[in-house]
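*Asks:* One structure, pasted below without further comment.
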Amino acid sequence: MAVDDDGIAGAKSSLSLVTNLTVAILVILWLIPTIGLLVSSFRDRDAISQSGWWKAPFPTQQNFAVRTEGEFMPEGDGWVLTGNLFGPEGSGSIAAFGGLRSDPTAFAPGETGELVRGRTLTVEENGDYIYFDPADEAPTRNPTVYLASSVPPDFSLDNYDTILTSAGMDVAFINTLTVTIPATIIPILIAAFAAYALAWMDFPSRGAIIALVVGLLVVPLQLALVPMLKFHNAIGIGQSFYGIWFAHTGFGLPLAIYLLRNYMVGLPRDIIESAKVDGATDFQVFTRIVLPLSFPALASFAIFQFLWTWNDLLVAKVFLPSNSESWVMTVKIADDLLGSRGGDWGILAAAAFISIAVPLLVFFTMQRYLVRGLLAGSVK
Amino acid sequence: MSPLIQGLLTILIGVGGCVGYFWASNVVLDKVVFPAKGPNIGRNINRANAVRPWLFMLPALAALGLYLVYPVFGSFWRSLFNRSGADFIGLGNYSLLMQDGEFRTALFNNFLWVLVVPALSTFLGLLVAQLTDKLRWGNIAKSLIFMPMAISFVGASLIWKFVYAVDPEIGIINAMRDAMGFAPLDPLQVGFWNNFFLMVILVWIQTGFAMVILSAALRGIPDETVEAAIIDGASPAQIFFRIKIPQIMGTIVVVWTTITILVLKVFDIVYTMTGGNFGTQILPSYMMEYMFRDDGRATAVAFVIMIIVLPVMVWNIVQARREVR
């Protein structure tokens, strides 16, 4: 660019500082929601509800209930129980303790806490405790002691393990893949032939058909749901993978034809005409010249269609059977997991990231083609 | 048979079938129907060339006609019948809709969505496009803001449900409220404003789209116009608003309408976040309430969406016709 700073020499440094800051803030705002869920997908349910994900990299203070072990010994005018709250082999650091569930952090370590009915409890920072009960008879039940202790950050893949092995997300993943691959590949070929005809063959009403395709770009999918489901039932495929492949093919075609035609029209006329002069048929021109040259546009559309079919919820809800064997991931999350595991954020987060992982991978590796497709589709 | 194998077979049959169809139909046309030999060779070649485009387009036109053109009429026709589809009730479904308070809420909310989401996405997209243009790490920033485009609406909803969680130890919004001494609240149940909290999700997704397109448009502005403005002493703000914006106005309109159309189709966010409760219903999610239960009503809602989209469709077609000529 010839002009870097819009030419205002003195204003440049402060302006660029403001620009840097604004963009940095925007990027952070945009990332925070995703990072929050990503971090949570590696934490277990208790950790998630105990402390916010933004505290996850740091040790946290958590409350525990410990049932004391051992036997009360007679001492003085009562009974005494001693031991270590972390067990004989454990270790840790006590931040606070208490004798009641309702107030687990009543006393600081080293203090002697007064409990109900004259009982006292002393807990040292290393977990050693002395429990005194002034009762006449030896207490029959061991009391429970409450404590707050700092816990190191704990990340694990347990949520992913659970969701993939026992929650049925593996089946949903395969189903999504099954829907997506044919629904991406089949429309490309059909659209490519049509786009070639609309770009390089001369026939009456060509303009009208192009206009029709452009018009169909915006037809709401919702219109097709009821009539096409009825049609699928009538021809015997009902709610099935065949139904959703056909549906995605039909719905993807306007964009495919539009993108590919726009690209093909821009191919150099000389190449195509000289091939025709040399005696190549339209079929040969298409398969040998136009199709290979159109690779970038084909890739753009493939990415679009892939992302769209992978992420789709509406078409899958209507055209696939509603039993759990046929759920794709979006349906699985929206209709099953959110209901049955609504509070279990670790599991939900892991499920979300399993469903997001593949599109994100495609997105970051093929962003160039995606951008090119967007531009071809919208900028004139 | 596992659906995956079924899928691979379908790819083979589908792709093979397509290639086979295109190849065979061409051979039949050139060798059998209008052979390029004999006394009528000239006329035959012309005729074959007149038919060939239609052979190329036949599968696409058939699929478009079946899945997109027919449903416009099929849905309208179905919407004139009652729930079972047996009795013709004219515009009965539409008058039922008008009497339904939930439908009016959905219509009003959809109006809000159409007003807010495209405007905010386009504005933020333009802002980011302009700001990142001169940054050294601009491409990384753009890539990160563009990223939500790859995430499904369901995934995005889950991500934001987590942000909005009521528990101040889970949801970051309530954590901030907690830190400032406010009681936690559920953003999704705050009457009227909850609609805007849902819109945030779509803006979060669509800003990247607007940014990518507007960024390309900004780069396409001829340097001379900017340079001339600088020589004339224009300030950066003047350059942006008086020189750049007018030159990319066409692109802004395209981005705006594209997002508007999308807003009218997206049901996933409302469905996943609130299920249309707490006064957040919009037309697409309202339609899904009746899907499988009352096809007459469902198609009527779909047709209402179609009517709202119609002006954009006509405008698109007019533009396309002008370009092709």
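Placed from the backbone N, Cα and C atoms, the Cβ positions cover glycine too.
The structure displayed is predicted, hence computed values, not measured ones.
Under the heading transmembrane segment, TrEMBL lists B:6-29, B:50-70, B:111-132, B:144-163, B:196-218, B:248-267, B:298-318. The domain 'ABC transmembrane type-1' annotation in TrEMBL covers B:107-316.
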*Asks:* Are there residues at least six beyond either end of the transmembrane segment (B:196-218) with Cβ under 8 Å to its Cβ atoms? List them, or say none.
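*Replies:* For the transmembrane segment (B:196-218), the far contacts come to 112-113, 116-118, 120-122, 124-126, 128-130, 132-133, 142, 145-149, 151, 153, 156-157, 160, 164, 187-188, 190, 244, 248, 251-252, 254-255, 258-259, 262-263, 266, 269-270, 273-274, 280.
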*Asks:* Where, among B:6-29, B:50-70, B:248-267, do we find the most CB pairs under 8 A to the transmembrane segment (B:111-132)?
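*Replies:* Between the candidates B:6-29, B:50-70, B:248-267, the best contact partner of the transmembrane segment (B:111-132) is B:248-267.
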*Asks:* Which sequence positions outside the transmembrane segment (B:6-29), separated from its termini by at least 6 residues, show Cβ-Cβ distances below 8 Å to it?
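*Replies:* For the transmembrane segment (B:6-29), the list is 48, 51-52, 55-56, 58-59.
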*Asks:* Go through the chain and flag residues at least 6 beyond the ends of the transmembrane segment (B:144-163) whose CB is under 8 A from any CB in it; none is fine as an answer.
*Replies:* 128, 170-173, 200-201, 204-209, 211-212, 266, 268-269, 272-273
